[in-house]
Amino acid sequence: MWSFGIGLFLINFSPESLLLTAIYGFSTGGAVFLFGAVAGDLVDKTPRFKAVRTTLIVRKVSLCLCACLICIVHWFKNDISAAGSDNVLLYISYFGIIVIGVISNLANIARRIAVERDWVVEICERKKNRLAAMTATMRAIDLIAQVLTPLIIGQVIDVTEIGYGAVLVAGWNLFAIFIEIFVAWKVYISVPSLKSKMYKPKTEDKPNWDKKDIADNLTDTEENLEEKSSRFFEIDNDTINKENGIVEIKKQNDHKGKEDIHGMNRDKHGDIRCINIVQKIFSNVTTLYKGWKIYRKYDVAYAGLSAAFLFMTVLSFDSITVGFGYSQGLSAATLGQLRAGVAAAGIIGTIFYPRVRKCISTEYTGIASLAFQIISLTLCVASVFTPGSPFDLSSTQDVDHIRDFSSENLLNVTNNNYSIAYDILPNISEDPSNVNMSDISVSIQNNSISKNNTDINFKDDTSIWFLMSGIIASRIGLVMVTLAIQQLFLERVKEEERGIVGGVQSTLNWLLDMLKFVIVIFLPHPNQYGLLVIISFSFICMAFVLYVKFLCTSKTEPKSDIEIQINDEKESL
């Protein structure tokens, strides 16, 4: 629900540009790239149920706060802008939305690590068949949610307005906290193995020093005590009890020596904690640097690079695509239906994959799926040049193709699913408050609009529908090629090196995904979206070339399951 809604919320704030949406995407991706390992480490060090409960609470509360802030900005945007000079307060609000969204996304990553990488394994008792079935079931549930939630939130926004869509997100997440924690608790108490997690203990009090550091520390301590042994006891004349003849002797230097030792240890502990945190923050970079030699020695490296290049696209119906579609006049309900169509196409891809793979092998399934994806995306490239396309690099923004969402500047005449903005009616944009509505006669006859018997043509939607059709169709090929490459890595990478190879692949994926948002930041206007489409298509074509390179350099001859079965039968005879 959030992943679909955020694209609508942000484009509503800035309808003339995708910059805010791109900054949000880059920030969330960069945060996961830098702090994903830290989040995973915290999950490892925390008892299972506490980890899931904490991440759920942080995730849901963050989404509620973010949605509430979106509501405030949406309903009081003019007041917020007027409250500070140069819209400073408004920009601070945008910054708050992005930061809270980033925190929510990190919490969600940690929750997924805890549940999908740990709990599921224990629930299935580490049995591969049960694990495969459980993973498939979870994937099916996720896809069903991707079909239903965009339909719901899109319909709510279409019937009401953006603000109420954010209210729905906030209310749903607040309600879901209790349900999800209750379900997690029931699963936790019903699976005894979940209670026996051997999590990493905190090492703040017992740092892992090397032998030299320990020896140096002990030597320094002994020398300190030895040096002060002659002054170990000191008589303080002010504390002599003359009546009893008893002299109080204070061991001031002893206490001082102990404080020095503890202070030194605390400094050492603090330094080690800082070093560990920094190492985890840059773990993806170090993984890429150290693991690249291992990664590239496998013939599937080219297939992995091909998969990474597929992330550099604005043709995946993410927040960028949703924002662009909304700026071009598609309603929230329509976008919700299209998003559901993309999810349905993904389900079709998962159904087709095992059947196609059985007939033509995993390797050829990948290349066939990529070819199908490229053929489908030619519709998207065609949309750049078809009627109704806002593509125009001669100006920074094309006002004729940008929807204005402000309530003061929008006049909607809706009938038979048509919505006409004020800018097609002369003289209204100059001062909407002074418009004499009696002077305007709008009639809808035979799917056309006339003002005082002067025809006004509807904006041609051919371009946007070409774009959306290509994206939906290409999702089938995208899902299939992703599954094929995943299986190739499982089959060809040594078990003891799957971790480092998988880490390199994940890092490459994140880098290409972040590159996409960087390009959108530099080309944020809707009239520049056509250039983003062409760049994305070029990267997918390069992915195809890399996969062909993999097939040419592969050391294993591709064989389908049918061919393998025939060969086995011949050998048995």
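Here the Cβ of each residue, glycine as well, is placed from N, Cα and C on the backbone.
Within the chain, the transmembrane segment (20-44) has long-range Cβ neighbours (under 8 A, six or more residues past its boundaries) at 6-7, 10-11, 13-14, 51, 55, 94, 97-99, 101-102, 105-107, 109-110, 113-114, 118, 199-200, 277, 280-284, 318-320, 323, 507, 510-511, 513-514, 516-518, 520-521, 524. Sequence annotations record features per position, and here TrEMBL assigns transmembrane segment to 20-44 (among others).
Within the chain carrying the transmembrane segment (56-76), a Cβ under 8 angstroms from the stretch's Cβ atoms is held by residues 2, 9, 12-13, 90, 93-94, 96-97, 100-101, 103-104, 107-108, 111, 162-163, 166-167, 169-170, 173-174, 176-177, 180-181, 184, all 6 or more beyond its ends. Here TrEMBL flags 56-76 (among others) as transmembrane segment.
The annotation transmembrane segment is assigned in TrEMBL to 88-110 (among others). When Cβ-Cβ distances below 8 Å are used as the criterion, the transmembrane segment (88-110) is approached by residues 2, 6, 10, 13, 20, 23-24, 27-28, 31-32, 35-36, 39-40, 42-43, 51, 55-56, 58-59, 62-63, 65-66, 69-70, 72-73, 77, 80-81 of the same chain, each at least six residues removed from its ends.
Annotation comment: TrEMBL describes 131-157 (among others) as transmembrane segment. Nonlocal intrachain contacts for the transmembrane segment (131-157), taken as residues 6+ away from its ends with a CB within less than 8 angstroms of a stretch CB, comprise 1, 4-5, 8, 116, 120-121, 123-124, 164-165, 168-169, 331-337, 339-340, 342-344, 346-347, 350.
Among residues of the same chain six or more beyond the transmembrane segment (163-188), those with a C-beta under 8 A of the stretch's C-beta atoms are 1-2, 5, 8-9, 48-49, 52-53, 56-57, 60-61, 63-64, 67-68, 70-71, 74-75, 119, 123, 152-153, 156-157, 194-195, 332. Per TrEMBL, transmembrane segment is recorded for 163-188 (among others).
Among the features that TrEMBL reports, transmembrane segment is placed at 300-326 (among others).
Look at TrEMBL and you will find 332-353 (among others) tagged as transmembrane segment.
Tertiary proximity for the transmembrane segment (365-385) is limited to same-chain residues at least six positions away from its ends with a CB under 8 Å from its CB atoms, namely 303, 306, 315, 349, 353, 356-357, 391, 462-467, 469-471, 473-474, 476-478, 480-481, 484-485, 488, 530, 533-534, 536-537, 540-541, 543-544, 547-548, 551. Among the features that TrEMBL reports, transmembrane segment is placed at 365-385 (among others).
Among the features that TrEMBL reports, transmembrane segment is placed at 464-485 (among others). Sequence-distant contacts of the transmembrane segment (464-485), counting only residues of its own chain at least 6 positions beyond either end whose CB sits under 8 Å from a CB of the stretch, comprise 300, 303-304, 306-307, 310, 315-317, 321, 325, 328-330, 338, 341-342, 345-346, 348-350, 352-353, 356-357, 362-363, 365-366, 369-374, 376-383, 386, 388, 533, 547.
Long-range contacts of the transmembrane segment (506-523) within the same chain, counting only residues at least 6 positions beyond its ends with a Cβ under 8 Å from a Cβ of the stretch, are 18-19, 21-23, 25-26, 29-30, 32-33, 284-285, 287-288, 304-305, 307-309, 311-314, 320, 529, 531-532, 535-536, 539. Per TrEMBL, the feature transmembrane segment maps to 506-523 (among others).
Annotation comment: TrEMBL describes 529-550 (among others) as transmembrane segment.
A Cβ distance under 8 Å defines the sequence-distant neighbours of the transmembrane segment (529-550), meaning residues of its chain 6+ beyond its ends; these are 18, 299-303, 305-307, 309-310, 312-315, 320, 324, 363, 366-367, 370-371, 373-374, 377-378, 380-381, 383-385, 389-391, 393, 467, 481, 512, 516, 519-520, 523.
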